[in-house]
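One structure below.
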Amino acid sequence: MENKQCDHLTDWFSTTSDASESMDTTPPLPPPTPSVDPSYSGAAADEDLYSDISEGDLEYSDCDSASESDEDDDDCLIPSKEKAREVAASFGYTVIKTLTPGSEGRVMVATKDGQPEPVVLKIGQKGTTLIEAMMLRNVNHPSVIQMKDTLVSGAITCMVLPHYSSDLYTFLTKESRRIPIDQALIIEKQILEGLRYLHAQRIIHRDVKTENIFINSVDQVCIADFGAAQFPVVEPADLGLAGTVETNAPEVLARAKYNSKADIWSAGIVLFEMLAYPSTLFEDPPSTPEEYVKSCHSQLLKIISTLKINPEEFPRDPGSRLVRGYIEYSRLERNAYTRYPCFQRVNLHIDGEFLVHKMLAFNAAMRPSAEELLSYPMFAQL
């Protein structure tokens, strides 16, 4: 891709999004949409697919080789493996692989009698899984995972989801190299189109990360795993901790009020990881819930230190928890809204660096919306 934007880099880095925290005022979610039949890949599901677990790498176990310890449930909300298989069988599905359970249910790759294409079953207690199912039932966009069916057996809900060949994390790991800028922009555009749609429906995902981006090919990508999603959200609100520490926005880590702009930060991290692989901006994920809470503080300090956040880049509201708790850690060694010095070590493509810089604006009010980002020249050319 040509560097047509190079001449405007100075202006772009000095220009910020409208500081208002406005969001689209939209009608309620559209009526339920019919089931769709997207193209499937015959490859086995990767280990990070379709799971709600937010910290650490996930592993899947083959049905025939699962250890006895896998049968034990750490959470009463997760049906036993035998119960999940019984439910799947009662609906005519044959389980061909069991994935590591998520925080809200069992996840299995299965086929239905007479239908050779594999699907993924997410089986959990009605109260939790059904909420996610109801949300997915009412969304319809090619860049958002399409739920094929919702099945209920007593107190258990079974979501039927399309099977993708990989998630973006596994895709990057297998490629073991940076994704070329033209391909990365095609992927990022689809992610932003999905977020634009969700945000217009007043839904925020709250856990956008490479593990939750499913991919069959560069031009067939979707946002998945809505276990942490929140609806309806219009104005910034106290929504609590959710998602993954390493990709959470500063306002989420500080437990301040936030809205859809939190997803933009996370999508910026995804773009950085595509363009800078294997480099990451922020590492050391927590391994326990206790560490998760503690690491929110350390992660926020790491963001301020790594990006050398200037005090002028904090929210204007002095009562914000982000301001009250963290402005004292800000630095004056970098002028506000200028290039983050840490980008120099990874040598990002100029278009990619500009986008990441905009999406990682520390103050959510200065962060562009998905709609604004999609209007940028590098996406208009695709």
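Glycine is treated like the rest: Cβ placed from N, Cα and C.
The following features are taken from Swiss-Prot:
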type	residues	note
ACT_SITE	ASP207	active site, proton acceptor
BINDING	LEU99, THR100, PRO101, GLY102, SER103, GLU104, GLY105, ARG106, VAL107, LYS122	ATP binding site
COMPBIAS	1-10	compositional bias 'Basic and acidic residues'
COMPBIAS	12-24	compositional bias 'Polar residues'
COMPBIAS	45-75	compositional bias 'Acidic residues'
DOMAIN	93-379	domain 'Protein kinase'
REGION	1-75	region 'Disordered'
Find the average pLDDT over the domain 'Protein kinase' (93-379) in the predicted model and report it.
93
Let me check the 10 A CB neighbour count of the residue listed as 'active site, proton acceptor'. How many other CB atoms are there?
23
Can you tell me the CA-to-CA distance separating VAL107 (ATP binding site) and the residue listed as 'active site, proton acceptor', as a whole number of Å?
18
What residue among the binding-site residues LEU99, VAL107 has the most other CB atoms lying within 10 A of its CB?
VAL107
Where LEU99 (ATP binding site) and ASP207 (active site, proton acceptor) are concerned, what is their Cα separation in Å, rounded?
20
What Cα-Cα separation, expressed in whole Å, is found between GLY105 (ATP binding site) and ASP207 (active site, proton acceptor)?
17
10 Å Cβ neighbour count around GLY105 (ATP binding site)?
28
